[in-house]
Structures are given as structure tokens and as C-alpha cells.
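Notes for the one structure printed next.
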């Protein structure tokens, strides 16, 4: 048995090598004192120093973080409410809503990006030509606002997909049980429903946040000219042949992602053991 | 708790920011710059046929390679113990969460004529061996700025999207089903062919969707790894909206055609694999 | 007896075109154990939910202690519910689950502790307060659900098939336990079940329902001994139901013969349904029988044999300790108190023939009763 597994193990290791070799290269050369990604010239932290002094890059990072947090929080509020709403719907209308909800997930990013850009250009043009704009002396333009709208739009579906299963797992009577015991609707939601679905809500928010951080294509089309995000900034940088700061940035990002993923996985593992415990506890008098 | 009105804000949001933009694409595709209804955006599309062809050929190639690598890997991993499976899946997801531009950037320097791959090959005397054997005069493999490099970039960036759905489907197959097949006299090859493979098809289908769609619509990869020599659909669309060729009407028409072709492909594919479970996300 | 506590007056419940409750009139006395019994989809759970305040009747009124409560929300009713699948709050420990209602009522901390402990003691879970819900077995979770409801000292406790998820032995223990708790706290229990044996064991009053209508209200003995129609006779226990004619008071005719019975008050010559319980029939040698038939099937059931006998094409179930050979001719003897005469009803002819008898007949009454009100808004 174990001998027969050797080829499959070799194959597996090769795939992982393929996945991680480029990342390892970035990390190693982030400590290179030379500019090149090809020749090792000695250890140095200068690219990290340069990265932390690059105001443009840091500015983009700040914008991205603010944007991602805002988008994730708003998408979580919007999406959790929507998930409860969908859950309450009859099967047909719920199906339609979930299908539309899936559009940003399945559609190519570039289509989502350009279609929203069209809408923004169209709406802004309409507004700026309107008497309201002239009366207020206000002119709209693409920028942080449009970026935020776009991010909320593609974040919210992830929140909904993460909350819906938790709602389905709920004992259908649990809300009624709370009311039966004297809780008002709001109290029952806060004390009973919310704690039960909270893991799904938090996971949804984390996924939304990482999606926002990671997004390049949609931001690229909806950001306008005033602001820039980290991903867009990276794009302009990697188009140049040699940019060693990118190595430092990649290493930092990798560490952050690794830490985040670790947190998420530990959380999930805890939830799973909890639910397994529950199953085990229920086994003795489960009807076979 | 049962409160449908809670969905209203988001339903409105979707109508304005999901449905309306897609309708605008359709409107733009069928109008000209002066606002009149026209089909010229489509009739002029013939000149962009190479972009369509390249995009679809490269995306199909990348998708097939992803299946060839991803399926066996997912299958092998599913046979490992719980802990190995968990860690392995986490390691598959990890690169995915790092911006794809950074990962692509790494390949740019790896594939270079003076890059580490070529350095390594000449270091072990590979080129000398080839040159003496075939009388050639090779100093490096030219890899960057080719279509092959673009396909490699697609495979590298989107491979996790193939592995994960396949793995999660195989992982969920009830071991009793496999035992039942063995009990009925199937050997391990037959168990795979008759039980595991058919049951894992829905995972393959989601994987294909998740690899093919971003591949066929990518625009940065061709510029970074293909040196801008191969014009892909994504680049073409981008040029119409943000580039010098600014023409959102033509861009919308191209986007619309691409969307329709993709939808038709997916519909045909789902027909083949009855019982598709919907696109698994993450 | 005790005073009336709840009254449903001409209650109708309709979902779209489906009539779930069809002009229900029912009053429930204080401190009684009342069971709503019927097959799945008969409307019993809907009735319970109307009393609990989770649903409003399409028309008709609900009175509690003389006051109309149609529009009183559940959290303002002096009624608590034990739900089918417990509906415990898994993010709280046992103590907090039980204390939930008291905390909302802002009960002082020391009184709250005392009452929670009392309630847990009542359901034999003293000292379990710190445990998590997930660490309990199904039976224990059920007890927590009861304690959580009872601790609020409601006037009425509603129980929606609370034992449905437990296995048979545990269910029997809990039946006795529930009866004990009801007598100890001295409040009204309204209990929903599709299990006739459960209903017979625990109830003071049974309300038999089918298709949104009340079929019969009475004590367990009444319901069993004097079923009002073929549905009730068949649903409660086993019954042979035969077409007959009432010749005069105390004399019923079937199979062309006259039998002595204890029933009267029918018009002479009125067609009736004759109910004969399987255990009221004695098997005797063919010559001594009031009727003769052929044994077609015998199943050993432990305390007795289930014997299926063909009487001119109509098959009876006889439960007896005497063994008869399959194929043998036998006679039967029925005492006058073994006959129960019912007026003809829409259910006549639908039940009581054991031609399609299967040894698992008990199971037929125990189909799953879930989802009867699913998708109801």
C-alpha cells in the first residue's frame, strides 16, 4: 500500500512546489541587497525600508484598508439582513433573489467592473447636467464613493452565502421559543438568533474583507482618477521591469494572509469539534 | 424572525448595482456614440476575431491543464488523513489569497531569459548537453512573452479554483458507497471509474466554471506575461473603456458577446453533467 | 369540576385554499391534561399554535379566562410552549436556558436562582445548570425544555409532540414523568400527539381530530369504549367495523343474524356501523359459534395471537391467547357488551376491514407527523 503511494506523493509535492516556488522566490529576494530578482547579492532590509517610506504605496494601502473595512462592514449589515429576508421568503422568490445574488460571483470580474463603470459614468453625467447640480454647485465624479459601492456590491453575496446555511441550521422554533418565554421580537433576535448565526456573519465579514483587499479588476474600472488602491498600484508597479519593493510588499502580504487564514481555520476547526460533540452527545438516544 | 422586509434594502441595491449595469451593457452594445440604435458594434466585430480565438484557445488549454493537475491532486489528497487533508487544503488556499498580480510578478522574473529557471538549467549543464546532442546553439529557453507563459499564468493563478471544488466533492463521497462497490466485486480501478469519477463530476464542473471564466476574461496576464504581443478579449474590452481606443459601445458589445458565449458554453457543459450542484464558492 | 380556562369559538384557519381548521369549538378546563390527537395534517398543531399566539385564526375567537386574546402576542400570554425539537438555545448553558424567561421578567437574582433550581429538580436535572446544551442526551434536552417553560409558572403549558424524537422506552418513561409533573405543578397541559397510546396513558380529556374537524371529545375510556364514528374507532386501538342494522333496542343484525347488544335509541331498521374490538371476541368450536369463519393468518404477538378470520369475504382481527391453525374453521362468540353501535358517518366503510392486514399494523398509526404546517406564514 505505502509503496503504491509513492508516485502520488511525488506528484503532490511537485504541485505544491509549483504553487510555492514563486512565492518563496519573492520572499527570498525581498532580502536581497541588489535590485535584481535573478542574482543574490547579499542580505539587506533596504526594500522594506523603502516600502515603508513610499508614501504613494502607503497611501494606497491606507485607502485599501479603509475601503475594505467599510465595504465589509456595510456588506455584512446589508447581507445579514438580506439573508434573513431571503430565508423568510417563499421558495420561488427566494430562488430568484439567490440567483441574482449569484450574478456578481459567477460573472467575469471584468464584466462586473465595466458594467458598474458604465452605470457610474451614466449616473454622474445625468446628475452633473441636471439643474440640481448647477443649483448646488456640486459636481459628482468617480472616486472613493463609487469604489465603495462597487466593493459592497461584490462583497455582499459572500456574506449572504455564509449566513444562509447558519439560518437553515437554526431550529425553526427557536425564535418562537424565545418569544414564548416573554422576549419581544428585537430582544429575541439579539439574545437568541444573532448569537446562533454569529459565526456565519463573522466568517462572511472576513471573506468580504479579503475579497475587497484582493480585488484588482473591479477597482481598476470603478476608481476614477482621484484615488488608487493597493492592487491597482501594484499593477502599475509590476508593469515596470524591476521593482524590488514589490518583493517586500509580497512578503508582508503573505505573512498577513497566512496569519488571517490560520485564524479562520482555527475558528472553523473549533466550530466543527463543537458540532461533532453535539452529534456525539445526541447519539445515545438517536433512533437508528 | 420571519421578516421579508429585511431583504428590501439589498433587493433594491441589487436592482440598481447588479441588474441595471448589466442592462446598460446591453443598451450600450446596441447604440452608437450619437445615441442611435445600431448593430454596427456587432458587424464590425469580425476584425477582433483573433482576440476571441486566442482568449478561448488559451482559456480552454489552461482549463484542461488545471483538470489534469487538479483532479489527481484532489483525489490523492482525499485519501490522506484528516490533519494532512486540512493542512493541504489550507496550503492550496493560501496563495489564492495573495494578490494575483504579485504571484504573476514572481513568474515574470522566473521565466525571464536570465531568470532562475534558465540559470538553473544552464547550471546543471542542460543546454550544453542539448547543444552537443543536437548541434544547436541554445543558451536559454525563451519563455517570457509567449502564449505559453500566459497559459502558465492562468494555470498558476486559477489552479486552486479547480482543486478545491473537486476535493470537496470527493471528500464528501460516503465511504460506504465505495465499500458497497467493492463488496459487489469492483476492483479499485473499477471503483474509481464507476463510482468515484461519476460522483465527482459536479466538482469538476464547478472547477471548470471557476477556472474558465476568469481565464477567458483576464486582461492583466497577457500584458505581464505575454508582453502585450497577444491581444486577449480582456485587453480589448479594457482598451474600449479605459484605454486610448475609448469606445464603450464597442466595448459593451464585445463584453456582451463574450458573456453570451460563456453562458452558452456553461449551459452546454451543465447539460453534459446532469445534477450540477451550482457553483461552489470558496 | 374546575372552571373553564380557554375557549376556541368557531375558529377557522385557512392557508390559501386549504382549510386547516374547520369551525372549531372547544373549551378547556383549568388544571386538566388535554390531548389533541389525530393523524398528521389534521390541524392539531395549528390549534396549539393559535393558543400559543404564533398564529391567528382566519376567523373566530380565542378566549383566555374570559378575555379575547386573538391579538395578544405570544410573549404577553400566560402560556408557555415545549417545542417538538426542544428549540433550546445552544449558545447558553442549561441554567441560562431555564432562566431566560425569568431574566426578561426582571426577576431578582436570588429568587431567580431558587426557581431555576426548583424547576431543574422537578425534571430530575438538579445540578445540571452549568452544563452546555450540547452535552445532554435527547431525553435530558427534553427535560430542560420543560423546565424552561414551567419555571415561568404559566397557567397553561403547550406541548407539541414533545416525545416524538425519543426512542420507545424513553418515551414511555417520559409519559409517566410528564403526568407526574402536571399533577405536581397543577396547571393545564395541552398536549399534541399522533400516538393514541400516549394519549390514552396521560390524558384527562382527549380531543380526536381529523381533517380540521373535531371528531370526538371525551375521557380516554369514553373514546375507547364509545367511539362516535368509524374514524375514531379505527384510530384509537384496533376495531372490526361491520355494516349492521338496528332491529330494535338492544338487538343488532349483521350477517343475517340477530345479536344481543347494550345499545338503544336508534330508529327500528336503521343502518349502523357495528364496532367489535379484537379482544372482545372469543374463539369457540365451530358448532358453538354465533358466526363461523376460516382462519387465514396467525401472528404471534407475545401476550396474544393476532388471528385474521374470514367471515364471508370480510376479514376480522381477533386477539386471543388461543392458537388456531391457519385454514381451520372456527366459531366466534361475542358478549352483548362486546358490541358497540355507531350511527353511519362519512367515514363508514372506510375502516375496520382487515383484508389488507399486515403484521405491522401498529406502525401505520405512527407515520411521521412533521411538516404539517410547513410553509405556513
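Cβ coordinates come from backbone N, Cα and C, glycine included.
Checked against TrEMBL, the range among A:246-266, A:267-287 recorded as transmembrane segment is A:246-266. Within the listed segments A:65-89, A:165-189, TrEMBL records transmembrane segment for the stretch A:65-89. As stated in TrEMBL, the feature transmembrane segment covers range A:200-221 out of the listed A:200-221, A:222-243. Pairs of Cβ atoms less than 8 Å apart link the transmembrane segment (A:246-266) most often to A:12-31, out of A:12-31, A:65-89, A:110-130. When Cβ-Cβ distances under 8 Å to the transmembrane segment (A:200-221) are tallied for each of A:12-31, A:65-89, A:110-130, the top count falls to A:65-89.
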